Amino acid sequence: MSEELPTGPKESPPAPRAAPREVWKKGGRLLSVLLAVNVLLLAGTFVSGGAFNKVAVYDTDVFALLTAMMLLAVLWILFYLLRTVRCPDTDAVPYRDAHAGPIWLRGGLVLFGICTLIMDVFKTGYYSSSFECQSAIKILYPLTQAVFVIVQTYFLCISAKDCVHSHLDLTRCGLMFTLTTNLAIWMAAVVDESVHQAHSLSSPHGNTSHTRLALELQRAGSPVGEDCSCNTAICQIFQQGYFYLYPFNIEYSLFASTMLYVMWKNVGRLLASSTRGHSHTPSLLSLFRETFFAGPILGLMLFVVGLAVFIIYEVQVNGERGHTQQALVMYYIFNIICLGLMTLVSLSGSVIYRFDRRAMDHRKNPTRSLDMALLVGAALGQYAISYYSIVAAVAGTPRELLAGLSLAHALLVIAQHTFQNVFIIESLHRLPPGAEPHSTPPKEPCHGLTFASLDTLHTLPACPPTPRLVGPSPAGPQGAGSITLAPRGHWRYRCLKDISLFLLLCNIILWIMPAFGARPHFSNTVEVDFYGYSLWAAIVNICLPFGIFYRMHAASSLLEVYMLS
(Lines of atoms letter the chains of each structure in order from A and count residues from 1; the text may use other names and numbers.)
(Lines give C-alpha, C1' and ligand atoms only; values in the text may rest on other atoms or scores of the structure.)
Protein backbone atom coordinates (compact mmCIF):
# COMPACT_ATOMS: atom_id res chain seq x y z
CA MET A 1 0.00 0.00 0.00
CA SER A 2 1.53 3.22 -1.08
CA GLU A 3 2.25 5.80 1.56
CA GLU A 4 0.12 8.90 1.09
CA LEU A 5 0.39 12.32 2.50
CA PRO A 6 -2.24 13.35 5.02
CA THR A 7 -5.26 14.85 3.40
CA GLY A 8 -6.79 18.02 4.65
CA PRO A 9 -7.71 21.48 3.42
CA LYS A 10 -5.91 21.83 0.11
CA GLU A 11 -4.15 25.13 0.57
CA SER A 12 -1.49 26.18 -1.89
CA PRO A 13 1.71 27.58 -0.40
CA PRO A 14 1.47 31.38 -0.69
CA ALA A 15 3.71 32.95 -3.31
CA PRO A 16 5.06 36.19 -1.90
CA ARG A 17 4.05 39.20 -3.94
CA ALA A 18 2.81 37.00 -6.77
CA ALA A 19 1.08 38.78 -9.62
CA PRO A 20 -1.71 37.44 -11.85
CA ARG A 21 -0.49 35.94 -15.10
CA GLU A 22 -1.38 37.51 -18.40
CA VAL A 23 -3.75 35.75 -20.74
CA TRP A 24 -1.81 36.83 -23.83
CA LYS A 25 1.34 38.89 -23.39
CA LYS A 26 2.08 39.18 -27.12
CA GLY A 27 -1.32 40.73 -27.74
CA GLY A 28 -0.63 43.63 -25.38
CA ARG A 29 2.82 44.16 -26.84
CA LEU A 30 1.44 44.10 -30.38
CA LEU A 31 -1.19 46.71 -29.50
CA SER A 32 1.40 49.08 -27.99
CA VAL A 33 3.81 48.60 -30.92
CA LEU A 34 1.09 49.37 -33.46
CA LEU A 35 0.20 52.52 -31.53
CA ALA A 36 3.86 53.59 -31.48
CA VAL A 37 4.39 52.91 -35.19
CA ASN A 38 1.37 54.95 -36.24
CA VAL A 39 2.22 57.89 -33.98
CA LEU A 40 5.87 57.82 -35.08
CA LEU A 41 4.93 57.78 -38.77
CA LEU A 42 2.58 60.73 -38.23
CA ALA A 43 5.28 62.68 -36.39
CA GLY A 44 7.88 61.76 -39.03
CA THR A 45 5.58 63.03 -41.78
CA PHE A 46 5.14 66.38 -40.05
CA VAL A 47 8.85 66.76 -39.19
CA SER A 48 10.12 65.88 -42.67
CA GLY A 49 7.46 67.93 -44.40
CA GLY A 50 8.05 70.97 -42.20
CA ALA A 51 11.74 71.05 -43.20
CA PHE A 52 10.98 72.04 -46.81
CA ASN A 53 9.63 75.32 -48.11
CA LYS A 54 7.59 73.82 -50.93
CA VAL A 55 5.55 71.62 -48.56
CA ALA A 56 2.51 73.23 -46.97
CA VAL A 57 3.48 71.99 -43.50
CA TYR A 58 4.91 74.81 -41.40
CA ASP A 59 7.21 74.68 -38.42
CA THR A 60 4.34 75.90 -36.24
CA ASP A 61 2.40 72.74 -37.17
CA VAL A 62 5.39 70.61 -36.13
CA PHE A 63 5.71 72.47 -32.84
CA ALA A 64 1.98 72.09 -32.15
CA LEU A 65 2.08 68.33 -32.72
CA LEU A 66 5.18 67.81 -30.56
CA THR A 67 3.72 70.00 -27.80
CA ALA A 68 0.51 67.97 -27.76
CA MET A 69 2.49 64.70 -27.64
CA MET A 70 4.65 65.92 -24.74
CA LEU A 71 1.60 67.07 -22.76
CA LEU A 72 -0.10 63.68 -23.22
CA ALA A 73 3.11 61.90 -22.17
CA VAL A 74 3.39 64.09 -19.06
CA LEU A 75 -0.21 63.28 -18.11
CA TRP A 76 0.44 59.55 -18.43
CA ILE A 77 3.68 59.76 -16.41
CA LEU A 78 1.85 61.61 -13.62
CA PHE A 79 -0.85 58.93 -13.64
CA TYR A 80 1.83 56.22 -13.39
CA LEU A 81 3.62 57.97 -10.53
CA LEU A 82 0.39 58.53 -8.59
CA ARG A 83 -0.54 54.86 -9.06
CA THR A 84 2.79 53.35 -8.07
CA VAL A 85 4.48 55.92 -5.78
CA ARG A 86 1.86 57.96 -3.99
CA CYS A 87 -0.70 55.14 -3.80
CA PRO A 88 1.43 51.98 -3.87
CA ASP A 89 -0.39 48.76 -4.58
CA THR A 90 1.15 45.52 -3.32
CA ASP A 91 0.68 43.91 -6.73
CA ALA A 92 1.58 46.90 -8.94
CA VAL A 93 5.39 46.53 -8.86
CA PRO A 94 6.21 43.15 -7.27
CA TYR A 95 9.69 42.92 -8.86
CA ARG A 96 12.51 45.30 -9.74
CA ASP A 97 15.10 44.48 -12.40
CA ALA A 98 18.56 45.00 -10.90
CA HIS A 99 20.15 45.29 -14.35
CA ALA A 100 17.86 48.05 -15.65
CA GLY A 101 18.70 51.74 -15.23
CA PRO A 102 22.30 51.51 -13.95
CA ILE A 103 23.73 54.52 -12.13
CA TRP A 104 25.88 55.69 -15.05
CA LEU A 105 22.90 55.61 -17.43
CA ARG A 106 20.75 57.63 -15.03
CA GLY A 107 23.66 60.00 -14.43
CA GLY A 108 24.03 60.58 -18.17
CA LEU A 109 20.28 61.13 -18.46
CA VAL A 110 20.38 63.79 -15.73
CA LEU A 111 23.41 65.49 -17.31
CA PHE A 112 21.87 65.63 -20.77
CA GLY A 113 18.55 66.68 -19.24
CA ILE A 114 20.18 69.68 -17.54
CA CYS A 115 21.79 70.71 -20.84
CA THR A 116 18.40 70.32 -22.56
CA LEU A 117 16.83 72.64 -19.98
CA ILE A 118 19.54 75.21 -20.70
CA MET A 119 18.79 74.82 -24.40
CA ASP A 120 15.09 75.44 -23.72
CA VAL A 121 16.00 78.65 -21.88
CA PHE A 122 18.03 79.81 -24.89
CA LYS A 123 15.20 78.86 -27.25
CA THR A 124 12.65 80.76 -25.18
CA GLY A 125 14.89 83.83 -25.12
CA TYR A 126 15.50 83.59 -28.88
CA TYR A 127 11.83 83.34 -29.80
CA SER A 128 10.82 85.97 -27.22
CA SER A 129 13.31 88.49 -28.67
CA SER A 130 11.28 88.55 -31.90
CA PHE A 131 7.84 87.99 -30.40
CA GLU A 132 6.16 90.39 -32.83
CA CYS A 133 6.73 88.13 -35.84
CA GLN A 134 6.71 84.74 -34.08
CA SER A 135 3.82 82.43 -33.31
CA ALA A 136 2.93 81.81 -29.67
CA ILE A 137 3.44 78.07 -30.14
CA LYS A 138 7.17 78.66 -30.69
CA ILE A 139 7.46 80.06 -27.17
CA LEU A 140 5.13 77.45 -25.69
CA TYR A 141 7.12 74.57 -27.22
CA PRO A 142 10.42 75.02 -25.28
CA LEU A 143 8.48 75.68 -22.07
CA THR A 144 6.51 72.47 -22.55
CA GLN A 145 9.70 70.58 -23.36
CA ALA A 146 11.29 71.81 -20.13
CA VAL A 147 8.34 70.48 -18.11
CA PHE A 148 8.47 67.21 -20.06
CA VAL A 149 12.20 66.78 -19.41
CA ILE A 150 11.86 67.44 -15.68
CA VAL A 151 8.92 65.05 -15.21
CA GLN A 152 10.37 62.32 -17.42
CA THR A 153 13.83 62.46 -15.81
CA TYR A 154 12.32 62.10 -12.33
CA PHE A 155 10.11 59.26 -13.57
CA LEU A 156 13.00 57.32 -15.15
CA CYS A 157 15.34 57.83 -12.20
CA ILE A 158 12.92 56.27 -9.69
CA SER A 159 11.00 53.81 -11.90
CA ALA A 160 13.52 52.52 -14.45
CA LYS A 161 13.80 49.16 -12.61
CA ASP A 162 10.05 48.57 -12.25
CA CYS A 163 8.45 45.33 -13.45
CA VAL A 164 4.82 46.46 -13.51
CA HIS A 165 2.06 43.86 -12.99
CA SER A 166 -1.10 45.98 -13.03
CA HIS A 167 -2.92 47.68 -15.93
CA LEU A 168 -0.53 45.88 -18.26
CA ASP A 169 -1.93 46.99 -21.63
CA LEU A 170 -2.35 50.59 -20.48
CA THR A 171 1.21 50.64 -19.10
CA ARG A 172 2.66 49.21 -22.31
CA CYS A 173 0.79 51.73 -24.47
CA GLY A 174 1.84 54.60 -22.20
CA LEU A 175 5.50 53.59 -22.24
CA MET A 176 5.49 53.16 -26.02
CA PHE A 177 3.78 56.52 -26.54
CA THR A 178 6.36 58.23 -24.32
CA LEU A 179 9.15 56.45 -26.21
CA THR A 180 7.65 57.62 -29.51
CA THR A 181 7.48 61.18 -28.20
CA ASN A 182 11.22 61.08 -27.47
CA LEU A 183 11.95 59.71 -30.93
CA ALA A 184 9.83 62.45 -32.52
CA ILE A 185 11.76 65.10 -30.57
CA TRP A 186 14.99 63.43 -31.69
CA MET A 187 13.91 63.54 -35.35
CA ALA A 188 12.93 67.21 -35.08
CA ALA A 189 16.26 68.11 -33.48
CA VAL A 190 18.27 66.19 -36.10
CA VAL A 191 16.38 67.79 -39.00
CA ASP A 192 16.65 71.28 -37.50
CA GLU A 193 20.37 70.88 -36.86
CA SER A 194 20.99 69.48 -40.36
CA VAL A 195 19.20 72.40 -41.99
CA HIS A 196 21.12 74.83 -39.77
CA GLN A 197 24.43 73.19 -40.74
CA ALA A 198 23.52 73.48 -44.41
CA HIS A 199 22.73 77.19 -44.10
CA SER A 200 25.84 77.90 -42.05
CA LEU A 201 27.90 76.69 -45.03
CA SER A 202 26.65 79.63 -47.10
CA SER A 203 28.30 82.19 -44.80
CA PRO A 204 30.58 84.77 -46.47
CA HIS A 205 33.62 82.97 -45.01
CA GLY A 206 32.72 79.58 -46.45
CA ASN A 207 34.73 78.03 -49.23
CA THR A 208 33.43 77.42 -52.75
CA SER A 209 32.27 73.87 -52.23
CA HIS A 210 30.46 74.86 -49.03
CA THR A 211 28.64 77.68 -50.78
CA ARG A 212 27.53 75.52 -53.71
CA LEU A 213 26.26 72.83 -51.36
CA ALA A 214 24.38 75.31 -49.20
CA LEU A 215 22.76 77.04 -52.17
CA GLU A 216 21.41 73.74 -53.41
CA LEU A 217 20.10 72.75 -49.98
CA GLN A 218 18.67 76.22 -49.43
CA ARG A 219 16.11 75.58 -52.16
CA ALA A 220 14.64 72.85 -49.96
CA GLY A 221 15.25 73.65 -46.30
CA SER A 222 14.54 76.70 -44.26
CA PRO A 223 15.74 77.44 -40.74
CA VAL A 224 13.36 78.13 -37.95
CA GLY A 225 12.33 81.72 -37.86
CA GLU A 226 13.83 82.72 -41.22
CA ASP A 227 11.27 85.49 -41.73
CA CYS A 228 12.33 87.17 -38.48
CA SER A 229 15.58 89.06 -38.37
CA CYS A 230 17.95 88.47 -35.47
CA ASN A 231 20.08 91.62 -35.35
CA THR A 232 20.58 92.25 -31.65
CA ALA A 233 23.55 90.80 -29.79
CA ILE A 234 21.42 89.04 -27.17
CA CYS A 235 19.31 87.41 -29.88
CA GLN A 236 22.39 86.08 -31.68
CA ILE A 237 23.76 84.71 -28.39
CA PHE A 238 20.49 82.85 -27.79
CA GLN A 239 20.42 81.57 -31.37
CA GLN A 240 24.01 80.27 -31.38
CA GLY A 241 23.67 78.91 -27.85
CA TYR A 242 20.73 76.62 -28.44
CA PHE A 243 22.21 75.24 -31.67
CA TYR A 244 25.40 74.30 -29.82
CA LEU A 245 23.29 72.52 -27.19
CA TYR A 246 21.38 70.42 -29.74
CA PRO A 247 23.73 67.40 -29.38
CA PHE A 248 22.82 67.11 -25.70
CA ASN A 249 19.12 67.25 -26.50
CA ILE A 250 19.58 64.53 -29.13
CA GLU A 251 21.44 62.27 -26.70
CA TYR A 252 18.87 62.90 -23.96
CA SER A 253 16.04 61.72 -26.21
CA LEU A 254 17.94 58.56 -27.16
CA PHE A 255 18.96 57.77 -23.57
CA ALA A 256 15.35 58.17 -22.43
CA SER A 257 14.13 55.98 -25.31
CA THR A 258 16.44 53.13 -24.36
CA MET A 259 15.36 53.22 -20.71
CA LEU A 260 11.68 53.33 -21.68
CA TYR A 261 12.16 50.33 -23.97
CA VAL A 262 13.65 48.29 -21.12
CA MET A 263 10.71 49.26 -18.90
CA TRP A 264 8.35 48.18 -21.67
CA LYS A 265 10.10 44.79 -21.93
CA ASN A 266 9.86 44.37 -18.14
CA VAL A 267 6.08 44.87 -17.98
CA GLY A 268 4.59 41.64 -16.63
CA ARG A 269 8.02 40.02 -16.22
CA LEU A 270 8.56 37.46 -13.45
CA LEU A 271 11.89 37.46 -11.62
CA ALA A 272 13.35 34.99 -9.17
CA SER A 273 14.45 37.85 -6.91
CA SER A 274 13.70 41.55 -6.97
CA THR A 275 16.73 42.73 -5.10
CA ARG A 276 19.57 40.54 -6.38
CA GLY A 277 22.37 42.61 -7.87
CA HIS A 278 26.09 42.64 -8.34
CA SER A 279 27.66 43.13 -4.96
CA HIS A 280 31.07 43.09 -6.58
CA THR A 281 30.59 46.41 -8.38
CA PRO A 282 33.41 48.74 -7.36
CA SER A 283 32.90 52.24 -6.09
CA LEU A 284 33.05 55.15 -8.50
CA LEU A 285 35.60 56.78 -6.21
CA SER A 286 38.10 54.02 -7.04
CA LEU A 287 37.89 54.60 -10.78
CA PHE A 288 41.59 54.15 -11.49
CA ARG A 289 42.25 51.53 -8.82
CA GLU A 290 43.28 48.10 -10.09
CA THR A 291 44.63 49.49 -13.39
CA PHE A 292 48.09 49.86 -14.86
CA PHE A 293 47.35 53.59 -15.60
CA ALA A 294 48.51 53.10 -19.19
CA GLY A 295 44.97 53.13 -20.60
CA PRO A 296 43.72 56.21 -18.72
CA ILE A 297 46.90 58.22 -19.41
CA LEU A 298 47.01 57.40 -23.12
CA GLY A 299 43.26 58.02 -23.40
CA LEU A 300 43.55 61.42 -21.71
CA MET A 301 46.43 62.35 -24.02
CA LEU A 302 44.36 61.51 -27.11
CA PHE A 303 41.37 63.34 -25.60
CA VAL A 304 43.35 66.58 -25.10
CA VAL A 305 45.01 66.33 -28.52
CA GLY A 306 41.61 65.66 -30.08
CA LEU A 307 40.14 68.80 -28.50
CA ALA A 308 43.04 70.86 -29.86
CA VAL A 309 42.62 69.34 -33.34
CA PHE A 310 38.88 70.02 -33.24
CA ILE A 311 39.35 73.67 -32.28
CA ILE A 312 41.98 74.24 -34.97
CA TYR A 313 39.79 72.49 -37.53
CA GLU A 314 36.78 74.66 -36.73
CA VAL A 315 38.89 77.83 -36.99
CA GLN A 316 40.65 76.98 -40.26
CA VAL A 317 38.07 74.98 -42.19
CA ASN A 318 36.14 78.09 -43.27
CA GLY A 319 39.25 80.03 -44.21
CA GLU A 320 41.25 80.03 -47.40
CA ARG A 321 41.63 76.93 -49.55
CA GLY A 322 45.15 76.20 -48.33
CA HIS A 323 44.15 76.45 -44.67
CA THR A 324 41.12 74.24 -45.29
CA GLN A 325 43.25 71.49 -46.77
CA GLN A 326 45.72 71.70 -43.88
CA ALA A 327 42.86 71.43 -41.41
CA LEU A 328 41.44 68.40 -43.22
CA VAL A 329 44.83 66.65 -43.36
CA MET A 330 45.34 67.25 -39.64
CA TYR A 331 41.81 66.05 -38.85
CA TYR A 332 42.16 62.85 -40.87
CA ILE A 333 45.62 62.04 -39.50
CA PHE A 334 44.42 62.34 -35.90
CA ASN A 335 41.38 60.16 -36.60
CA ILE A 336 43.48 57.55 -38.41
CA ILE A 337 45.91 57.32 -35.46
CA CYS A 338 43.09 57.21 -32.91
CA LEU A 339 41.07 54.60 -34.83
CA GLY A 340 44.16 52.47 -35.44
CA LEU A 341 45.03 52.41 -31.74
CA MET A 342 41.41 51.64 -30.80
CA THR A 343 41.37 48.73 -33.27
CA LEU A 344 44.57 47.24 -31.84
CA VAL A 345 43.39 47.70 -28.26
CA SER A 346 40.02 46.07 -29.00
CA LEU A 347 41.80 43.13 -30.60
CA SER A 348 44.03 42.84 -27.53
CA GLY A 349 40.98 42.71 -25.28
CA SER A 350 39.45 39.91 -27.37
CA VAL A 351 42.75 37.98 -27.18
CA ILE A 352 42.82 38.35 -23.37
CA TYR A 353 39.34 36.83 -23.22
CA ARG A 354 40.72 33.70 -24.91
CA PHE A 355 42.73 33.08 -21.71
CA ASP A 356 39.90 34.09 -19.38
CA ARG A 357 38.05 31.15 -17.83
CA ARG A 358 35.13 33.08 -16.46
CA ALA A 359 31.77 31.53 -17.30
CA MET A 360 29.39 33.18 -19.74
CA ASP A 361 26.19 34.72 -18.40
CA HIS A 362 23.30 33.37 -20.48
CA ARG A 363 20.49 34.59 -18.24
CA LYS A 364 17.69 36.64 -19.76
CA ASN A 365 18.57 40.34 -19.56
CA PRO A 366 16.53 42.86 -21.63
CA THR A 367 19.02 45.64 -20.84
CA ARG A 368 21.97 43.70 -22.22
CA SER A 369 20.00 42.57 -25.29
CA LEU A 370 19.07 46.17 -26.04
CA ASP A 371 22.67 47.33 -25.59
CA MET A 372 23.88 44.78 -28.13
CA ALA A 373 21.13 45.64 -30.61
CA LEU A 374 21.88 49.36 -30.34
CA LEU A 375 25.63 48.83 -30.76
CA VAL A 376 25.16 46.79 -33.91
CA GLY A 377 22.31 48.90 -35.30
CA ALA A 378 23.88 52.31 -34.67
CA ALA A 379 27.16 51.16 -36.23
CA LEU A 380 25.34 50.68 -39.54
CA GLY A 381 25.28 54.47 -39.97
CA GLN A 382 29.08 54.74 -39.96
CA TYR A 383 29.35 51.59 -42.06
CA ALA A 384 27.18 53.19 -44.75
CA ILE A 385 29.15 56.46 -44.84
CA SER A 386 32.44 54.56 -44.90
CA TYR A 387 31.48 52.32 -47.82
CA TYR A 388 30.25 55.32 -49.82
CA SER A 389 33.58 57.02 -49.09
CA ILE A 390 35.54 53.93 -50.16
CA VAL A 391 33.76 53.78 -53.50
CA ALA A 392 34.27 57.51 -54.10
CA ALA A 393 37.97 57.36 -53.17
CA VAL A 394 38.72 54.27 -55.29
CA ALA A 395 36.59 55.01 -58.35
CA GLY A 396 36.87 58.79 -58.34
CA THR A 397 39.51 60.87 -60.12
CA PRO A 398 41.96 62.53 -59.79
CA ARG A 399 44.11 60.81 -57.15
CA GLU A 400 45.18 63.18 -54.38
CA LEU A 401 46.23 63.21 -50.74
CA LEU A 402 42.73 63.79 -49.34
CA ALA A 403 41.37 60.85 -51.30
CA GLY A 404 43.99 58.54 -49.79
CA LEU A 405 43.36 59.84 -46.29
CA SER A 406 39.60 59.47 -46.76
CA LEU A 407 40.07 55.88 -47.94
CA ALA A 408 42.31 54.96 -44.98
CA HIS A 409 39.89 56.65 -42.56
CA ALA A 410 36.89 54.78 -43.97
CA LEU A 411 38.63 51.40 -43.77
CA LEU A 412 39.72 52.01 -40.19
CA VAL A 413 36.21 53.12 -39.17
CA ILE A 414 34.82 49.78 -40.39
CA ALA A 415 37.55 47.78 -38.63
CA GLN A 416 37.32 49.76 -35.39
CA HIS A 417 33.52 49.48 -35.13
CA THR A 418 33.66 45.75 -35.81
CA PHE A 419 36.36 44.83 -33.30
CA GLN A 420 35.06 47.21 -30.64
CA ASN A 421 31.57 45.70 -30.89
CA VAL A 422 33.03 42.20 -30.54
CA PHE A 423 34.97 43.25 -27.44
CA ILE A 424 32.03 45.04 -25.77
CA ILE A 425 29.49 42.30 -26.47
CA GLU A 426 31.79 39.57 -25.17
CA SER A 427 32.57 41.67 -22.09
CA LEU A 428 28.90 42.17 -21.28
CA HIS A 429 28.33 38.41 -21.46
CA ARG A 430 31.13 37.56 -19.03
CA LEU A 431 30.35 36.97 -15.38
CA PRO A 432 32.25 39.42 -13.13
CA PRO A 433 35.32 38.16 -11.23
CA GLY A 434 34.29 36.27 -8.11
CA ALA A 435 30.75 35.60 -9.34
CA GLU A 436 29.68 32.00 -9.76
CA PRO A 437 27.28 30.87 -12.47
CA HIS A 438 23.71 30.62 -11.25
CA SER A 439 21.61 27.62 -11.95
CA THR A 440 18.76 28.34 -14.35
CA PRO A 441 15.47 28.54 -12.46
CA PRO A 442 12.40 26.84 -13.87
CA LYS A 443 10.37 28.97 -16.24
CA GLU A 444 7.16 28.49 -14.31
CA PRO A 445 6.93 28.47 -10.50
CA CYS A 446 5.61 25.37 -8.82
CA HIS A 447 3.26 27.17 -6.47
CA GLY A 448 -0.27 25.88 -6.09
CA LEU A 449 0.39 22.14 -6.74
CA THR A 450 -1.46 19.50 -4.73
CA PHE A 451 -0.28 15.89 -4.86
CA ALA A 452 -0.99 12.69 -2.99
CA SER A 453 2.24 10.75 -3.49
CA LEU A 454 5.93 11.62 -3.39
CA ASP A 455 6.45 9.58 -6.56
CA THR A 456 4.10 11.91 -8.39
CA LEU A 457 6.30 14.90 -7.64
CA HIS A 458 9.29 13.28 -9.36
CA THR A 459 7.31 12.85 -12.59
CA LEU A 460 6.65 16.58 -12.99
CA PRO A 461 9.00 17.95 -15.70
CA ALA A 462 8.84 21.61 -14.68
CA CYS A 463 9.78 21.18 -11.02
CA PRO A 464 12.96 19.87 -9.39
CA PRO A 465 12.45 16.77 -7.22
CA THR A 466 13.76 18.56 -4.13
CA PRO A 467 14.35 22.27 -3.82
CA ARG A 468 18.02 22.64 -2.91
CA LEU A 469 21.00 24.81 -3.69
CA VAL A 470 23.24 23.57 -6.47
CA GLY A 471 26.84 23.45 -5.29
CA PRO A 472 30.00 23.53 -7.36
CA SER A 473 29.97 19.87 -8.35
CA PRO A 474 32.04 18.47 -11.22
CA ALA A 475 28.90 16.84 -12.52
CA GLY A 476 27.05 20.14 -12.58
CA PRO A 477 26.14 21.99 -15.76
CA GLN A 478 29.09 23.19 -17.84
CA GLY A 479 31.47 21.82 -15.25
CA ALA A 480 31.12 24.83 -12.98
CA GLY A 481 33.21 23.22 -10.32
CA SER A 482 36.24 22.93 -12.63
CA ILE A 483 36.43 26.67 -13.35
CA THR A 484 39.29 28.36 -11.51
CA LEU A 485 38.84 32.10 -11.35
CA ALA A 486 41.76 34.46 -11.04
CA PRO A 487 41.69 37.05 -8.23
CA ARG A 488 40.32 40.51 -8.95
CA GLY A 489 43.80 42.07 -9.08
CA HIS A 490 45.06 39.64 -11.72
CA TRP A 491 46.93 41.16 -14.68
CA ARG A 492 44.18 40.12 -17.10
CA TYR A 493 41.53 42.10 -15.24
CA ARG A 494 43.85 45.08 -14.89
CA CYS A 495 44.48 45.04 -18.64
CA LEU A 496 40.75 44.82 -19.33
CA LYS A 497 40.12 47.85 -17.13
CA ASP A 498 42.85 49.81 -18.94
CA ILE A 499 41.40 48.82 -22.30
CA SER A 500 37.86 49.83 -21.35
CA LEU A 501 38.97 53.23 -19.98
CA PHE A 502 41.11 53.94 -23.05
CA LEU A 503 38.28 53.08 -25.44
CA LEU A 504 35.82 55.10 -23.32
CA LEU A 505 37.89 58.31 -23.57
CA CYS A 506 38.50 57.81 -27.29
CA ASN A 507 34.79 57.31 -27.97
CA ILE A 508 33.98 60.51 -26.07
CA ILE A 509 36.35 62.65 -28.16
CA LEU A 510 35.11 60.99 -31.35
CA TRP A 511 31.58 61.89 -30.21
CA ILE A 512 32.45 65.53 -29.47
CA MET A 513 33.91 66.22 -32.92
CA PRO A 514 30.88 65.42 -35.12
CA ALA A 515 28.32 66.30 -32.47
CA PHE A 516 29.54 69.91 -32.24
CA GLY A 517 29.83 70.65 -35.93
CA ALA A 518 32.86 68.92 -37.49
CA ARG A 519 31.71 67.96 -41.00
CA PRO A 520 34.76 66.90 -43.06
CA HIS A 521 32.35 65.02 -45.31
CA PHE A 522 31.48 68.33 -47.01
CA SER A 523 34.83 70.12 -46.69
CA ASN A 524 36.53 67.19 -48.42
CA THR A 525 35.25 67.38 -52.01
CA VAL A 526 36.07 63.75 -52.89
CA GLU A 527 32.61 62.42 -52.05
CA VAL A 528 30.79 65.63 -52.97
CA ASP A 529 32.22 65.67 -56.49
CA PHE A 530 31.60 61.95 -56.99
CA TYR A 531 27.99 61.63 -55.73
CA GLY A 532 26.72 65.18 -56.13
CA TYR A 533 25.58 67.55 -53.43
CA SER A 534 22.01 66.38 -52.91
CA LEU A 535 22.74 62.64 -52.67
CA TRP A 536 25.81 63.01 -50.46
CA ALA A 537 24.04 65.48 -48.14
CA ALA A 538 21.12 63.06 -47.76
CA ILE A 539 23.48 60.16 -46.98
CA VAL A 540 25.41 62.11 -44.36
CA ASN A 541 22.38 63.72 -42.70
CA ILE A 542 20.61 60.35 -42.36
CA CYS A 543 23.56 58.18 -41.29
CA LEU A 544 25.70 60.56 -39.22
CA PRO A 545 23.22 60.91 -36.29
CA PHE A 546 23.39 57.13 -35.82
CA GLY A 547 27.18 57.31 -35.78
CA ILE A 548 27.09 60.07 -33.16
CA PHE A 549 24.71 58.04 -31.01
CA TYR A 550 26.95 54.99 -31.41
CA ARG A 551 29.91 56.80 -29.84
CA MET A 552 27.96 57.88 -26.77
CA HIS A 553 26.26 54.51 -26.34
CA ALA A 554 29.60 52.72 -26.75
CA ALA A 555 31.06 54.98 -24.04
CA SER A 556 28.28 54.07 -21.61
CA SER A 557 28.68 50.36 -22.42
CA LEU A 558 32.45 50.59 -21.90
CA LEU A 559 31.87 52.17 -18.50
CA GLU A 560 29.73 49.16 -17.60
CA VAL A 561 32.49 46.86 -18.91
CA TYR A 562 34.97 48.64 -16.64
CA MET A 563 32.71 48.27 -13.61
CA LEU A 564 32.21 44.55 -14.28
CA SER A 565 35.86 43.70 -15.07
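Glycine is no exception: its Cβ is also placed from the backbone N, Cα and C atoms.
TrEMBL lists 1-20 with the feature region 'Disordered'. According to TrEMBL, the feature transmembrane segment maps to 30-50, 62-82, 103-119, 139-158, 252-272, 292-313, 333-353, 373-395, 499-518, 530-550.
Proximity of distant same-chain residues to the transmembrane segment (333-353), defined by a Cβ-Cβ separation under 8 Å and at least 6 residues beyond the stretch ends, is recorded for 295, 298, 302, 305-306, 309, 405, 408-409, 412-413, 415-416, 419-420, 422-423, 426-427, 430, 492, 495-496, 499-500, 502-503, 506, 509-510.
Note on the transmembrane segment (530-550): residues 190, 194, 198, 212-213, 216-217, 247, 250-251, 254, 374-375, 377-382, 384-385, 388, 391-392, 395-396, 417, 511, 514-515, 519, 521-522 of its chain, located 6 or more positions outside it, place their CB under 8 angstroms from a CB of the stretch. Here the listed stretches are 30-50, 62-82, 252-272, 292-313, and the one with the most C-beta pairs under 8 angstroms to the transmembrane segment (499-518) is 292-313.
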